[in-house]
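Asker: Sharing a structure, written as structure tokens. Questions coming.
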Amino acid sequence: EGFITMGNCCDRPKDTYIRVSLPAVCFVWQIAMVVLFGVFIRYNEESDAHWPEYKKKQNITSDAENDFYYRYPSFQDVHVMIFVGFGFLMTFLKRYSFGGVGFNFLIAAFGLQWALLMQGWFHSLDYNTGKIYIGIENLINADFCCAGCLIAYGALLGKVSPVQLLVVTLFGITLFAVEEYIILNLLHCRDAGGSMVIHAFGGYYGLAISWVLYRQNLNQSKHLQGSVYHSDVFAMIGTLFLWMFWPSFNSAIANHGDGQHRAAINTYVALASSVLTAVAVSSLSHRTGKLDMVHIQNATLAGGVAMGASAEFMITPYGALIVGFCCGIISTFGFVVVTPFLERKLKLQDTCGIHNLHAVPGMLGGFISAIVAAAATESVYSKEGLVSTLGLEGKFANRSPGTQGGYQAAGTCVAIAFGLVGGAIVGFILKIPIWGDPADDNCFDDEVYWEVPEDEETIHPVLEYNNHMTHKQTESNFTLEQS
Amino acid sequence: EGFITMGNCCDRPKDTYIRVSLPAVCFVWQIAMVVLFGVFIRYNEESDAHWPEYKKKQNITSDAENDFYYRYPSFQDVHVMIFVGFGFLMTFLKRYSFGGVGFNFLIAAFGLQWALLMQGWFHSLDYNTGKIYIGIENLINADFCCAGCLIAYGALLGKVSPVQLLVVTLFGITLFAVEEYIILNLLHCRDAGGSMVIHAFGGYYGLAISWVLYRQNLNQSKHLQGSVYHSDVFAMIGTLFLWMFWPSFNSAIANHGDGQHRAAINTYVALASSVLTAVAVSSLSHRTGKLDMVHIQNATLAGGVAMGASAEFMITPYGALIVGFCCGIISTFGFVVVTPFLERKLKLQDTCGIHNLHAVPGMLGGFISAIVAAAATESVYSKEGLVSTLGLEGKFANRSPGTQGGYQAAGTCVAIAFGLVGGAIVGFILKIPIWGDPADDNCFDDEVYWEVPEDEETIHPVLEYNNHMTHKQTESNFTLEQS
Amino acid sequence: EGFITMGNCCDRPKDTYIRVSLPAVCFVWQIAMVVLFGVFIRYNEESDAHWPEYKKKQNITSDAENDFYYRYPSFQDVHVMIFVGFGFLMTFLKRYSFGGVGFNFLIAAFGLQWALLMQGWFHSLDYNTGKIYIGIENLINADFCCAGCLIAYGALLGKVSPVQLLVVTLFGITLFAVEEYIILNLLHCRDAGGSMVIHAFGGYYGLAISWVLYRQNLNQSKHLQGSVYHSDVFAMIGTLFLWMFWPSFNSAIANHGDGQHRAAINTYVALASSVLTAVAVSSLSHRTGKLDMVHIQNATLAGGVAMGASAEFMITPYGALIVGFCCGIISTFGFVVVTPFLERKLKLQDTCGIHNLHAVPGMLGGFISAIVAAAATESVYSKEGLVSTLGLEGKFANRSPGTQGGYQAAGTCVAIAFGLVGGAIVGFILKIPIWGDPADDNCFDDEVYWEVPEDEETIHPVLEYNNHMTHKQTESNFTLEQS
């Protein structure tokens, strides 16, 4: 019954006035963050000024043992992926580059604060003091958490208002922290690069929202739904920074030493393999073998997504190559065949094709990690290596690699379920007509939420003069000029 | 009397011929650098081939203790901020992108050599040998020093010649080294991220120069003073690299261990907070809530500037959030209200709005650090932590935190005074009509100092043919095409 | 006789259909890589899960001693140079940005896998097990190896098909590994930053190929051979990332400790010096002193190339400045005078001017390293430092610095010879008319190998409507509009 009412509301003409809602949400939220940080968040022993004392107590001889030096370079690479990687990947639309990179910026800055709290409560809370103690690893995890929401944004790009995006982020981070707790702590899965918790979750979360928000008449914005030459080049900035830094993404929170080292190598070779097969399938799918920028911008990354969960494992370099090989093909095939199919048959509009880049490769990555974990042996890993790599310590010390494999598969399913159910619910919330979303003929257009500069016409003053002089006679030409 | 003569000179028509002056300055300067480096600059013990001997003598067991490994990742991040961050932030003008990124490149490459010398004489000179011994920390400081001049360039963007910029840099680096010596060594202030020595100084230095160089008829270049769609996207590259790497900027020369760790965390959260409030105020300032790219490109960074001086302190994460919160508001408000006011009432033309992004947040950052330092207690910092964080060692061992706070405030005033007085003097030097600066109707135009490619018209040969065939009949249309 | 047949073949009209050849090469190659990786490539002791055991056996006390932490930050910087640096440097052409950045991506992803194998067989093969054991240093070297081929691509940009590029890469990597083995292992040269093995080899390799592939009627594509305003700004992204990260390039595989530290410092100052002299000569070469973007994009990097081979040496900071000084001049002079001369007189078409940026500075860098090595003394290096820096260990323990200098010069000649001879042979292979290369009037055009978006015309729906309405009367105008 409630939904029916909403349905009616949605027929009203769209109002994209956000001068009250956007500032209100930002201010209220930011003040809440200040208060909650004040109550809960403190420096951990490695970032607190008591570190010299702690060092002595723990018999640590060198500042180089501070986790900061193990993880900060990777953190910065991940940071670049979140803000420049995802941000510029979404500039490909001809007139939505401001929204692509700008709202990406807003989502991530908004989300990382909430993520520090949510993940902190689940993972870094000291029950004695009631405080969350944070260090560099928390920052990396907060960035990871934002990645889930930015993936979801990929499906919604151009069709939602910034206020809606903040709602997507608020719920997305919350759901992320819960599913992550279930998968990593309760099921005790290994997922260093987040194939399940980030990509599968984020992908299906975005797809479910987009499915609920289906726009019958989106073809009214068809003329803005493609790229122009330079917007495609901008998007390549995003692609390349994602591609280059993916080894850091998958190794950022892996174990010190061989864990980080191996995760970086596996991801590096898997990504290289994806590029070759993505190019091959892209060429195959065109009449004379021309390449499609959409495939190069996206499917080349599929190997990194799929390597996430097993990056730390002894998957071997050729195993990583095979993962990249298959995912490059599957992802490109998805762009050529599946996305159009989903739009026609399932009423699912997925602007960036996150189904092919995140949802499916993330799911595959989860299942691959199940197989690789189940196949782990002491001879390959060494006794100590097996324990630390699969995390078979403490109350999980008796778990066999085979059982661990089963849990990896179960974890993947949990991530997908959270994404689909959570996304559907959030989608219905977003249908309430108070968020200032654009009309169907107004999508993919920066004009709606940004002050967009008048283009080009005023560059040459002489020209302007000419325009003015000949305005009467060449009215129609002048209009054409402005394009 | 001298100034009057100058005033007269300036009425002559502008001559932007720089074929003698620019090469001459570059060559003379570069040769001087070679000579001075030859006389003064040597490798320090960590970058010299005697390092293995030094290691043994100092009982250092691992190469990982070489400062290179503590600071090189941060150095590279700072390097990216200087060249890509500042450089692309200044590409936003529709026809001054070459000048924005290109002259930024020239200033920084020119300045860092002089900075190595100037800062070396003040900080790294061995009085026994008369040599300056350099290592990675000197490179970071040289980059920091350039940042001051690049901030000043922001106020002058589009209105000065490259030769003038080299003069600005020469004096800017010199003034920087002196004020830095006074603030950090004599007053013994703490300023890891340079709120005072870099941002407040650089900001007021640029503003003072711009004030002296006021151009009555700058509105003759009004048509070039805005952005176009893609130049705004280019500028976002600059913004994001500055934003992402600011934690590295503020932690690059902080103390090993908890110092660097804490500085990075504080800056990370302060910046996130700035984004939210900058978006909120930007939206509030538009009739229907649309966002303005100028605010997103600039005001989102204010939190990083203001956190500079207290990044290393135990300001707590919520303290950092509050700093970002306030500065995001103040900076955006500055762009909306103060910059137009300054231009109308104070005859101060500030192309990039450095007043709002650097001068004011830098000044605030200095005063914030005074408060935070004065509030420091042994229980919060630990005994050893208080000494190392506030630097209360050696002849400053008896200084109380409260006194240190007073000196932090005094240091901020010194930085501002140096900026204003130095800038005014340099401004008058730049009025001498020998530097090849552009006329008022020629500002913000790359044509003056760059060979600019003819745009677009020659892409399609068929089109060219058409142009030629129909040249007679469509003369005026053809002219229009060239826009 | 064979060549004559080929010559005849080449007169047939060009067919750029690559729908069979490109996917076939990619798939066959990638499958071969999987098989060869499966047979040969394994993790080394620092990336293998046996690391905890190895640590104990070797008495290593800290994970920080894992080579990953010494080299990963530099590796990521090099990675950015390969994909964003080289990639965006080649986006400067007005209608070949997709090909510039996209084929660069393909070459590097293809090449690095083959490089891991080729370099592995020569350098990391364990003769007992028949396996190649890889770690982070192998990844850096694989990236270096790709750099050689990407340099060669610079000479061929816009004139070859992607299939030809894969052939260039396949042979390029192979030749690289062989010449590298001869130079570094047999002649035992020192070349940390690859002046000889990367730049001199890659430069002459590309020039030789381009010389064989000379196109008589390339001026038929003249209208596409320049830049447009924004493509020049894109290219600056490439320039700056190369420039900023060159210290990491030259120090990435240098000795731990002072070696990496010194290499970074030397490169940093040499590059700064190049910028000043490149600007000076660029300004000198224009009638009124205007700067040329081509020089700023390229010649500013010459100092980094030339510092490669002696980056690790005690060349002193002023020595590095002098190297940068001279190479900035020579390189810019090359763009102004030599490249046009080569094209007119030697029939050598060099799209990016790699002759001036890589071939000549690389060669000079090799000879500079000969002089610096020959001048090395124990007092400057210390006994231990001399041995480790010049690598005078094991069977080379009796080599004097003077002799080492001679070998450095010999190594440079070997690199050039490999480049020239190898390039000539590969050039003839590329003349076989099966590779789908473009016709002379079709060069520098993305349309040939990419699906290029229709530009701009469809942005404003109102405009589209107008176009349609007035189509009859304004046919010719409408055609003009599409430009």
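For all residues, glycine too, the Cβ spot is worked out from N, Cα and C.
Per TrEMBL, transmembrane segment is recorded for A:20-41, A:78-96, A:103-122, A:134-156, A:163-184, A:196-214, A:226-245, A:265-284, A:296-315, A:321-342, A:354-376, A:409-430. Summarising the annotation, TrEMBL assigns domain 'Ammonium transporter AmtB-like' to A:64-432.
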Asker: Under an 8 Å Cβ to Cβ limit, what residues of the same chain, 6 or more beyond the ends of the transmembrane segment (A:134-156), are close to it?
Answerer: 41-44, 46-47, 67-68, 71-72, 74-75, 78-79, 81-82, 86, 89-90, 103-104, 107-108, 111-113, 115-116, 118-120, 123-124, 164-165, 168-169, 172-173, 176-177, 180, 194, 197-199, 201-203, 205-207, 209-210, 213, 252-253, 349-355, 357-358, 423
Asker: Could you give the residue numbers and ranges of same-chain residues that sit at least 6 residues beyond the transmembrane segment (A:20-41) on either side and whose C-beta is under 8 angstroms from one of its C-beta atoms?
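Answerer: For the transmembrane segment (A:20-41), the list is 110, 113-114, 116-117, 120-121, 125, 130-132, 134, 162-163, 166, 170, 434-436.
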Asker: Would you report the average pLDDT that the model assigns to the domain 'Ammonium transporter AmtB-like' (A:64-432)?
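Answerer: Across the residues of the domain 'Ammonium transporter AmtB-like' (A:64-432) the model's pLDDT averages 97 on the 0 to 100 scale.
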Asker: List, by number or range, the same-chain residues at least 6 past the transmembrane segment (A:163-184) whose CB is under 8 A from its CB atoms?
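Answerer: Same-chain residues near the transmembrane segment (A:163-184) but 6 or more away: 18, 21-22, 25-26, 29, 103, 106-107, 110-111, 114-115, 118-119, 121-123, 145-146, 148-149, 152-153, 156, 191, 196-198, 201-202, 205, 209, 411, 414-415, 418-419, 422, 425-426, 429-430, 435-437.
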Asker: Please determine whether the transmembrane segment (A:409-430) and the transmembrane segment (A:78-96) are in contact (criterion: at least three Cβ-Cβ distances under 8 Å, sequence separation 6 or more).
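Answerer: Answer no: the transmembrane segment (A:409-430) and the transmembrane segment (A:78-96) share fewer than 3 Cβ pairs below 8 Å.
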Asker: Which range wins on Cβ pairs under 8 Å with the transmembrane segment (A:296-315): A:78-96, A:103-122, A:196-214, A:265-284, A:354-376?
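Answerer: Going through each listed stretch, the top one turns out to be A:354-376.
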